[in-house]
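Have a look at the structure below before the remarks.
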Amino acid sequence: MAFLRAIGAEARYLTQRAYSSAAPTTKLFIDGKFVESKTKEWIDVHDPATNKVVTRVPKATQDEMQTALESNKKAFRSWSNQSILTRQAVMFKLQALIKENMGELAKNITKEQGKTLADAEGDVLRGLQVVEHCCSIPSLQMGETVANVARDMDTYSLVMPLGVTAGIAPFNFPAMIPLWMFPVAITTGNTMLLKPSERVPGATMLLMELLNEAGCPPGVVNVIHGQHDAVNFICDAPAIKAVSFVGSDQAGKYIYERAGKNGKRVQSNMGAKNHGVILSDANKENTLNQLAGAAFGAAGQRCMALSTAVFVGDAQGWIPDLVERAQKLKVNAGHVPGTDVGPVISAASRQRINDLIESGVKEGAKLILDGRKISVPGFEDGYFVGPTILSDVTPSMKCYTEEIFGPVLVILKADNLDDAIDIVNANPYGNGTAVFTTNGAAARKFVNEIDAGQVGVNVPIPVPLPMFSFTGTRGSFRGDHHFYGKQGIKFYTQTKTVTQLWRETDVNHTQAAVAMPTMK
């Protein structure tokens, strides 16, 4: 198939569910070419549904990372001078190619990450929307002008690229998060060194093939693989001016501090504990269905998953009905038709999830739905956890204070809306939250008083479309400018202000002016 021609026939493993005793290797992408790494250190990537190795990812050597960076630096000199219409044209082509190949991208995501095919297509689609927004770059990157700020003097601002930027992406959205990063970076005239998660490299590599086909010049985006050494290289390299990161708290704080100390601009999206507040006047059927989907979809591995529910007053009587809906969700391999909940990413992740469930039980929570011992016929070696619900949870319990990142919903109870708002605001995270109600006054009170960056009213996962920005706050984000939207443009650009004077009289100065200019 033409889609994979540049990577080579051996790359068909990226989208086909076939395994071999000698797993193929994932390439680096440097200067427009897919390059075999010379490293001696490799990381196995497992299909979460089968535990079989699908590819081996290199830990790029220092020389390889430096080569990629030099390619980015060289490409910036020419790419930043291309017309904005040329950069826009690449986005138009990339957008069309992603649409055309969405199914192939989704197959790879399901194979490496585990989520259902429908959810994987959503992963690609939400990233595609950022590409579509970047097609408006001539309007998004406009500066400002004030004519005649003084006699014969004009001042205007230019929105300029930074230089070489870097992106460090997580495992849970193999296509969406890289597409939050490199399209905005390169359309504004930067180049990017991208490090996808070593657990799910395939989607990024397929996107690089599409980027080549879209006509993006060599070196504008390069891809390296690795773990700590690759992260440190990105944080320390003087040529890299800005770093985008999405992932865990520990990594996000480390990258923000290390890169920041080296003078880099950083945006760091980290952990979350998103609450859904359910009032008794809500539409019961819609609310419970939305809760189940938002809590257990993608096996709970979304930074905007509703992992916590606060039932207010009489709505607490709906909890058994929620359990009934969760029990009906089908747990299976992501590529199997009808699957609602796929596996989690790894055996270690499954163990951590199970340990947090057990900690809740030991601390006094009620385990009203237990998915720990689920077995999926034909996929007994997969990393499965079924939908799990812990009720009567208190804010001091470990299952509440830590991000579980699995198909686990913890339930708290509140007597009234004020108490529910206090619970949400006392949590250190501020990624997102939602309220379910038919009362406009209650919804308005919630929106005004809640301390979270993204708020849904009868919308369980309020991730904004890219004409807005992804605006997590408090413990969920570090940095000054958020991802995509207007803030994303600001993150990847800097302002150059020009003041020019052309005297109408064109009279030559007869002597130097040493007094402070007053702009009159």
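Placement of Cβ uses the backbone N, Cα and C atoms for every residue, glycine included.
Under the heading active site, nucleophile, Swiss-Prot lists CYS303. Counted within 10 Å of its Cβ, the other Cβ atoms near CYS303 (active site, nucleophile) come to 26, all protein chains included.
GLU198 (NAD(+) binding site) carries neither a helix nor a strand DSSP state and counts as coil. Annotated NAD(+) binding site per Swiss-Prot: ALA169, PHE171, LYS195, GLU198, ARG199, SER248, GLU403, in sequence order, evidence recorded as similarity to another entry.
Residue pair ALA169 (NAD(+) binding site) / CYS303 (active site, nucleophile) shows a Cα separation of 13 Å.
Fewest other C-beta atoms within 10 angstroms, among the binding-site residues LYS195, ARG199, are seen around ARG199.
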